[in-house]
Amino acid sequence: MTEHEQDSKFTKKKRQDGENKMDIQEWIIFAIELIGTVAFSASGAMVGIECSMDIFGVIVLGVSTAVGGGMVRDVILGKVPSALLHPVYVIYAVLAAVLVFCIIYFRRKYLQDGFGEVYDKLMLAMDSVGLGIFSAMGVTKGISCGYIDNTFLLVFLGTMTGVGGGLLRDTMAGVAPYIFVKHIYACASIAGAWICVIIYRSYGELPAMVVSSLIVMLIRFLAAHYRWNLPRIGE
């Protein structure tokens with residue numbers, strides 16, 4: 001085998017290794033996105049159940065929460081909403097909402113006395129997971145559209161993706177939106193989006209998504225535990 005053939009074989013193997021690595025990273029990112037979709041859909045379903053909606057209303061709230069923020073983001077970017085181009089996210093959102101409804105429906109007599117406590121804990125967990133992941137997704141979507149140098153736009157897209165679905169959910173349910181009354185909600189999304197931008201520029205997409213999502217979740221959990229709130233009149 002000549003030296004040229006050896007170099008060609010080495011280059012080909014290196015390219016294949018790089019492609020395999022990218023495939024794994026893409027699958028991990030896709031899995032993270034699905035986790036966020038399911039988490040937000042579950043939170044929407046919980047609100048629907050708390051408001052005594054039927055299964056259709058629960059599904060609508062779940063899907064709206066899961067894809068609403070992303071649709072707002074895509075409209076701002078002048079794109080067809082990805083939820084319409086890739087219905088897999090809508091399918092998972094529907095399945096998550098139906099699952100939550102069925103679990104609570106068939107276990108309602110066991111949850112009747114302590115449902116309020118269960119509701120608060122599940123809402124905090126699901127909403128925090130969805131908020132963290134979707135805030136990062138908004139940033140990465142903006143970067144993929146060529147706006148990596150526009151920090152303000154990227155943070156705005158991340159925040160809108162993170163809080164948009166929950167805002168739509170609460171508006172449809174006729175309750176005060178989480179972002180206006182709950183412990184450090186939108187501020188956590190803004191912080192996570194900004195951190196995602198910084199990490200992405202130095203280390204790439206996957207580390208940025210993972211770290212920023214975890215930071216948003218941590219802020220939300222700490223804010224709930226220590227009762228951190230923004231100042232308001234009357235308190």
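Even glycines carry a Cβ here, placed using N, Cα and C.
Where the annotation comes from TrEMBL, it is an automatic prediction and has not been curated.
As given in TrEMBL:
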- 27-48: transmembrane segment (TRANSMEM)
- 31-103: domain 'Glycine transporter' (DOMAIN)
- 55-72: transmembrane segment (TRANSMEM)
- 84-106: transmembrane segment (TRANSMEM)
- 125-200: domain 'Glycine transporter' (DOMAIN)
- 151-168: transmembrane segment (TRANSMEM)
- 180-200: transmembrane segment (TRANSMEM)
- 206-223: transmembrane segment (TRANSMEM)
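Contact between the transmembrane segment (84-106) and the transmembrane segment (180-200) is not supported, since fewer than 3 Cβ pairs fall under 8 Å when only residues 6 or more apart in sequence are counted. For the domain 'Glycine transporter' (125-200), the DSSP counts in helix, strand and coil order read 62 helix, 0 strand, 14 coil. Sequence-remote contacts of a segment are chain residues at least 6 beyond its ends whose Cβ falls under 8 Å from one of its Cβ atoms, and for the transmembrane segment (180-200) they are 131-132, 135-136, 138-140, 143, 148, 151, 154-155, 157-159, 162-163, 166, 207-209, 211-213, 215-216, 219-220, 223-224, 227-230.
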